[in-house]
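Taken straight from TrEMBL:
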- 201-274: domain 'Bacteriophage phiJL001 Gp84 C-terminal' (DOMAIN)
């Protein structure tokens, strides 16, 4: 049962309400001590929840997604999405991990009378943030959801290492290039200059723009050849001739990719483990029952 202040409860019972969602993010790790605030309102809200006085801004375009909560032990979670801005969270902040593994509290308040107090809509932690163009997205995991996650993996079909880390051992190397000319789709296809790697060397891969309208944004590489680069998704702005970028390899975590790159001895997966369905994948292996 939720503990909602009496005045706020009476306000919520009215036919017309003036409420908004406040999202407080207490950063962890290298960003410990930094507190971020976002609001679904179209104006800034300054609110003291008893622990912090936080300025909840609308600069990053935060909007609430569907949030599911239950009184049972089912996993409830949602996603938080926003857009990078010069005055709020930047792409560099997100890539550096400012939103990773942070404590999140979701409040509902009456923005016309903050003295009514707040309702705690949810509490939990964030997962790892992902960046697509100028948009960031991070999973919100409730306290129940934290009980439903892998702590010590026993086996996996794909590699558990991250490309370029100590367990992987592959060099995390960037290569500089530029755009010779945009392709038929100027938002995701272009002809590169300054790269001599063979076709497929950067697929999968990651490309980061160093100049132009998309400067600072990263995107996954879907296909690579010395004569063309095809990005997985469209960029926010058109790609123009002369735009500079840097590109690196990435990994799909399969043993075939690890073998092709001469790193099979460091593969951190059990790709030969038979899965449940594979045990019956032989001719005539059907289970029949009689009633």
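Using N, Cα and C of the backbone, Cβ positions are placed for all residues, glycine too.
Values in this document were obtained by computation on a predicted structure and should not be read as measured data.
Break the domain 'Bacteriophage phiJL001 Gp84 C-terminal' (201-274) down by DSSP state and the numbers are 9 helix, 23 strand, 42 coil. When pLDDT is averaged over the domain 'Bacteriophage phiJL001 Gp84 C-terminal' (201-274), the result is 91.
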